[in-house]
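Below is one structure, written out as structure tokens, with a few remarks after it.
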Amino acid sequence: MKFIGAHVSAAGGVENTIARAQAIGANAFALFTKNQRQWQAAPLSEASIHAFKLACEKGGFRPEQILPHDSYLINLGHPDPDGLAKSRDAFLDEMKRCEQLGLCYLNFHPGSHLKQIPEAASLKLVSESINWALERSQGVTAVIENTAGQGTNLGWSFEHLATIIDGVEDKSRVGICFDTCHAFAAGYDLRTADACAAVFAEFEQTVGFQYLKGMHINGAKCTFGSRVDRHHSLREGNLGEAVFHHIMNDDRFDGIPLILETIDESIWGDEIRWLRSLAKA
């Protein structure tokens, strides 16, 4: 079964995300468990935790249908020791919040070398940061998102992702979230059926589908290989529709959250219905 949804607002409390997902016909969703642009956040209240779990149970949302995202400030490959420590502490707090909510994934961008250390050294720090957080948490898988490769961001190539995973000691608690827009921007062509088949074959060979824990389903305002991160609605922009047909008809993408981060939330319901219509009977 395909679990399709969107990154919905947690305004007013994380317990409100379930109703927002249901309102667009989703059977998956993503959320921030705290303000994504601040380092510090108030702890989750017991009332909010209970209400979230109850709403998930009533709505039929299991943990594997939910893909929380961490703060954009966190850089697990930070070249500065103080910046790295601050990022690790914040990441662990995010892991603990997922634990409290009974969730099993935490999606994150791997980090940036900031032109201060070699790429390989920063990738090693990301792996070490994941190990550090996994040792101090339970039950939550660290889900690395492929990036567009903008600026000094790591994680734009499948080789980067494989290198990070290789350095993680507990392979059962690390995974990948594949973003269609980011892959396209990073130079992975997804504009035809044959191109999609080739890219996903390369992903299988380099990373492995056993690590795929979620996807971000996005169109692209950016051009191919531009290394610029600009999302678009599914049926607009430069990516085209072939990749969405492929995903909806490939059972390797069953049973994981497929999350819209497209730019017009007023049509998320329409985009979810359109995706479902692509599945061949």
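Glycine too: its Cβ is placed from the backbone N, Cα and C atoms.
Taken from Swiss-Prot, the feature Zn(2+) 1 binding site applies to His69, His109, Glu145. Reduced to three states, the DSSP call for His109 (Zn(2+) 1 binding site) is coil. Other Cβ atoms within 10 Å of the Cβ of His109 (Zn(2+) 1 binding site) number 26 in total over all chains.
The Cβ of Asp179 (Zn(2+) 2 binding site) lies under 8 Å from the Cβ of Glu145, Asn146, Thr147, Met215, His216, Asn218, Glu261, each of which sits 6+ residues away along the same chain. The Zn(2+) 2 binding site annotation in Swiss-Prot covers Glu145, Asp179, His216, Glu261 and rests on sequence analysis.
According to DSSP, Asp229 (Zn(2+) 3 binding site) sits in a coil region rather than a helix or strand. Contacts of Asp229 (Zn(2+) 3 binding site) defined by a Cβ separation under 8 A and a same-chain sequence distance of 6+ are given as Thr147, Ala148, Gln150, Cys181, His182, Ala185, Cys222, in order along the sequence. Positions annotated as Zn(2+) 3 binding site by Swiss-Prot: His182, Asp229, His231.
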Near His231 (Zn(2+) 3 binding site), which residues of its own chain have a C-beta under 8 A away, given they sit six or more steps off in sequence?
Cys181, Asn218, Gly219, Ala220, Lys221, Glu261, Thr262, Ile263
Ten-angstrom check, please: count other Cβ atoms within 10 Å of the Cβ of His216 (Zn(2+) 2 binding site), all chains counted.
26
State which of the following binding-site residues has the fewest other Cβ atoms within 10 Å around its Cβ: Glu145, Glu261.
Glu261
If you take the centroid of the Cβ atoms of Glu145, Asp179, His216, Glu261, the listed Zn(2+) 2 site, which other residues of that chain have their Cβ within 8 Å of it?
Asn107, Asn146, Cys177, Phe178, Thr180, Cys181, His182, Met215, Asn218, Ile259
Drop a 10 Å sphere on every Cβ of the binding-site residues His69, His182 and tell me which sphere holds the fewest other Cβ atoms.
His69
